[in-house]
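Student: After the structure tokens below, expect a handful of questions from me.
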Amino acid sequence: MACNLCYEAESPDEAALVYAARAYQCTLQSRTPEQVMVDFAASGPLTFQLLHILPFDSVRKRMSVVVRHPLSNQVVVYTKGADSVIMELLSVASPDGAGPEKQQMIIREKTQRHLDDYAKQGLRTLCIAKKVMSDTEYAEWLRNHFLAETSIDNREELLLESAMRLENKLTLLGATGIEDRLQEGVPESIEALHKAGIKIWMLTGDKQETAVNIAYACMLMSTILKELQKKTQALPEQVSLSVDLHQPPVPQDSGLRAGLIITGKTLEFALQESLQKQFLELTSWCQTVVCCRATPLQKSEVVKLVRSHLQVMTLAIGDGANDVSMIQVADIGIGVSGQEGMQAVMASDFAVSQFKHLSKLLLVHGHWCYTRLSNMILYFFYKNVAYVNLLFWYQFFCGFSGTSMTDYWVLIFFNLLFTSAPPVIYGVLEKDVSAETLMQLPELYKSGQKSEAYLPHTFWITLLDAFYQSLVCFFVPYFTYQGSDIDIFAFGNPLNTAALFIILLHLIIESKSLTWIHMLVITGSILSYFLFAIVFGAMCVTCNPPSNPYWIMQEHVLDPVFYLVCILTTCIALLPRFVYRGAGKMNQVTSNYANQSADKSGRRPKPGPSTVFAMKSATSCAIEQGNLSLCETALDQGYSETKAFEMARPCKD
């Protein structure tokens with residue numbers, strides 16, 4: 001029957017302990033709020049009466065359960081928690097003492113060796129201890145604890161004091177080590193984020209040895225990491241001295257990665273206002289920062305400190321309840337769903353099933369999101385400047401009277417209906433670089449960090465282009481119809497039509513990933529414009545007296561001059577943009593063809609911009625790993641972008 005038992009626990013650690021106990025013939029049979037039944041191989045099933053439970057909290061870093069032993073009828077307190085906390089709560093034992101004290105000292109020393117060995121293996125460690133109480137002692141404690149629970153003022157402090165009175169003078173029972181395996185793809189994701197220029201801090205509640213082992217396992221720290229260690233008693237003056245002595249620990253251009261490892265006690269002083277600046281100066285010289293034995297409050301304080309003082313965008317990712325405060329404080333919070341529960345997911349902005357998906361979320365979707373927003377904002381500026389300036393140029397010919405050469409309903413629907421959907425589709429579906437390329441070249445993510453898609457000169461060039469197109473869109477029809485007897489709306493109709501074609505075709509030129517959805521929306525916008533103009537022109541007899549747009553579109557669709565004006569205006573307005581984009585693509589194709597030809601002939605070609613970028617990636621990767629010969633090989637054989645990138649890939653191994 002025991003083999004068919006299935007346990008549900010609050011955390012994987014709890015379940016692992018129960019399953020391990022069952023493997024040693026100590027099987028949990030049932031659990032109710034009042035009692036626990038355990039089946040022992042030697043004595044059979046025993047029922048323990050549950051008297052009280054002190055749940056885990058991040059301040060105490062432990063939990064306790066009070067039971068009545070079924071054989072001795074004694075009140076026993078069992079406590080498990082972090083080894084650094086439990087060891088301080090043990091009863092004082094002297095190596096020169098009597099039998100029990102000496103035995104306890106031997107157990108403590110042996111357990112400490114086991115803990116150190118577990119930590120070096122990357123296991124999550126816990127210590128387990130117990131305390132036997134008399135009924136009188138327990139009744140006295142329970143009465144005071146009840147007063148603390150019912151207190152209105154300082155309730156949290158009173159409960160903490162009550163727990164401290166119970167959890168002291170403990171007898172050590174032993175320690176446990178639970179394997180916490182890295183998920184698939186974690187080292188590769190960490191390495192990709194490093195290449196993308198993202199600085200990673202590891203905030204964990206594990207002990208230092210475990211945290212360092214995990215940091216090495218997930219490539220957060222490389223094998224060439226230069227370790228700078230200094231012992232300290234965690235006093236503020238000594239922390240300040242340590243910061244001054246180690247700044248800068250490693251020159252940033254030395255090719256080595258400097259890492260900072262700091263424990264929770266030292267971090268408590270480093271987060272003090274007088275030391276915050278020095279602490280951040282020290283971390284600025286380190287590519288990796290590992291904060292171990294950190295409480296949930298300290299995690300959130302570190303995120304607040306980095307976010308407020310360094311003025312950077314922060315992202316926090318976690319999978320447990322201890323990470324909730326950190327996730328909520330960061331600019332972007334990501335929760336990893338899994339066995340740790342759903343608290344982190346519920347508190348996050350985004351949720352992923354595994355850590356490895358973070359690299360695609362940032363490098364691919366983050367890059368796309370940035371370029372889409374940047375390009376869409378630029379396009380909205382361009383669209384409005386290009387169209388509104390038509391009214392501006394017209395004011396020079398109407399005495400700045402404020403009149404318009406088109407009906408106000410057309411002006412309203414031009415932005416509201418005819419040209420609103422294409423920019424949205426552009427901002428949702430645009431992909432300037434394929435997902436495969438972004439994953440293979442994490443360095444491309446740096447373009448978003450440097451705001452290369454929305455630089456000041458890009459903005460002003462876009463506005464100048466919009467001014468030029470508005471000039472062409474206005475004056476080509478103006479000089480075409482100059483001297484004719486057309487009215488104001490007959491003159492404005494070619495302007496609106498040409499402006500629509502120019503704005504939509506400009507979007508096609510700028511888009512790098514046209515789909516059938518783009519073409520469907522653009523075609524629908526054009527058809528809706530002509531349909532509205534025809535219906536509105538047929539119905540609007542007295543819309544805007546004394547002149548009215550009555551039957552204007554119907555007459556123009558039969559006039560060859562109208563088509564000639566629209567086509568000529570569109571071509572002249574978009575010619576500079578088309579030539580600029582075409583020249584850029586032609587230059588890229590020519591560079592690729594030259595590289596391929598030189599690659600076949602065995603000559604080293606003159607690298608283009610893309611090739612230089614790929615070479616720099618290979619060079620920086622080679623230097624980062626300390627392999628200068630590989631760096632030289634990447635430079636000597638960098639015939640093309642693909643070749644240079646392939647030379648860089650071995651750096652990853």
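Keep in mind that glycine also has a Cβ here, set from the backbone N, Cα and C atoms.
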Student: Per the topological domains given in Swiss-Prot, are SER404 and GLU436 together on one face of the membrane?
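Tutor: Domain labels do not match for SER404 and GLU436 in Swiss-Prot.
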Student: By the count of other Cβ atoms within 10 Å, pick out the sparsest of the binding-site residues GLU14, ASP206, ASP319, ASP323.
Tutor: GLU14
Student: What whole-number Å value do you get for the CA-CA distance of ILE261 (ATP binding site) and ASP319 (Mg(2+) binding site)?
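Tutor: Between the Cα atoms of ILE261 (ATP binding site) and ASP319 (Mg(2+) binding site), the distance comes to 22 Å.
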Student: Name the range, of those listed as 376-396, 459-480, 488-510, 517-537, 556-580, that has the largest tally of Cβ pairs under 8 Å with the transmembrane segment (408-428).
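Tutor: Going through each listed stretch, the top one turns out to be 517-537.
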Student: Under a Cβ pair cut-off of under 8 Å, which of the recorded stretches 376-396, 459-480, 488-510 contacts the transmembrane segment (517-537) most often?
Tutor: 488-510
Student: Taking the Cβ of ILE261 (ATP binding site) as centre, how many other Cβ atoms lie within 10 Å?
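Tutor: That number is 20.
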Student: Can you tell me the CA-to-CA distance separating GLY264 (ATP binding site) and ASP319 (Mg(2+) binding site), as a whole number of Å?
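Tutor: Cα of GLY264 (ATP binding site) to Cα of ASP319 (Mg(2+) binding site) measures 20 Å after rounding.
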